[in-house]
Amino acid sequence: MGNRVAREDFEWVYTDQPHADRRREILAKYPEIKSLMKPDPNLIWIVVMMVLTQLAAFYLVKDLDWKWVIFWAYAFGSCINHSMTLAIHEVSHNSAFGHYRSMWNRWFGMFANLPIGVPYSISFKRYHMDHHRYLGADGIDVDIPTDFEGWFFCTTFRKFIWVILQPLFYAFRPLFINPKPITHLEIINTVVQLTFDVIIYYVLGIKSLVYMLAASLLGLGLHPISGHFIAEHYMFLKGHETYSYYGPLNLLTFNVGYHNEHHDFPNIPGKNLPLVRKIAAEYYDNLPHYNSWIKVLYDFVTDDTISPYSRMKRHQKGKVELD
């Protein structure tokens, strides 16, 4: 099982947001980066094709043996569904239709949500904006693991289980850290999603429904792409809070690996983040970064000095405005 990680509190800081100063400095030096702050219409067509691809997969697996249903859910569906969650991440930043058509982005996010099987898009938008405004803020940023997660999942075996169950922790953690009143859009998102699930069940059968849900659970758990959950903000190096990843899986994840660049410029679509790094290379090339999400997962599980406690927490100063 490995050695138990000694309990250490989250690292506490009282500083302002870490990305704001770098953003101001980069924009002052390279104002042309502002031209990258525009919607990415290609995102719309990519999402449509991904939804259609999963619909075809639902049909193709409906008569397979169960072992093949699960096999294809992990080998294929998991990649599509995890990629779709990152498309929803893009849409949450209004990258599909722009900030002046924010409601178009919300409806489109519900459409992108369909093959995932669980209503997700609208709630993610609400909590993810807090993650950007109040990165690491105690009781606000639900990307931060709970004290229970840090205390319990502290051995090699337990951290392995934690990685497998990551989608469940991300789903239920907001209820314990920062519960919010349910909005009408979340109700609509839920009704639309459950209606879609029922249609899939009655038209194609239970195997197609299980394929859809298993693809999401497996794809967001022990899966190479899931390395981004840990790579983004877990402090493998003391004092470094955000890390980028420059490996090939960015092709499937809308460049979410460019995470320092994304937090510096959250209103720039993932498609343009490599250009940010290219233009302002001196600000990013010397920052610690990763080239393998698989290695990140392996190191997290096996390194006795790393656990869900390995995050930076902030005592938020001043007025906090939540959605």
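Backbone N, Cα and C atoms are what each Cβ position is placed from, and that goes for glycine too.
According to TrEMBL, the domain 'Sphingolipid delta4-desaturase N-terminal' annotation covers 5-43.
Per TrEMBL, transmembrane segment is recorded for 43-61 (among others). Outside the transmembrane segment (43-61), and at least 6 residues removed from its termini, the chain residues within Cβ reach (under 8 Å) are 68-69, 72-73, 76-77, 80-81, 83-84, 87, 90-91, 95-97, 108, 111-112, 114-115, 200, 204, 207-208, 211-212, 215, 254, 269, 271.
Residues or ranges marked as transmembrane segment by TrEMBL: 68-87 (among others).
As annotated by TrEMBL, transmembrane segment applies to 107-124 (among others).
Taken from TrEMBL, the feature transmembrane segment covers 160-179 (among others). Same-chain residues lying 6 or more positions outside the transmembrane segment (160-179) and placing a CB less than 8 Å from one of its CB atoms are 118, 123, 127, 130, 139-142, 144-146, 149, 153, 216-217, 220-222, 226, 229-230, 297, 300-301, 308, 322.
What TrEMBL records for 199-220 (among others) is transmembrane segment. Proximity of distant same-chain residues to the transmembrane segment (199-220), defined by a Cβ-Cβ separation under 8 Å and at least 6 residues beyond the stretch ends, is recorded for 54, 57-59, 61-64, 66, 69-70, 72-74, 76-82, 85, 115-118, 166-167, 170, 226.
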Give the nonlocal contacts of the transmembrane segment (107-124) in its own chain as ranges (CB under 8 Å, at least six residues past its ends).
44, 47, 50-51, 54-55, 58, 80-81, 84-85, 87-89, 91-92, 96-97, 171, 174, 183, 185-186, 188-190, 192-194, 196-197, 209, 212-213, 215-216
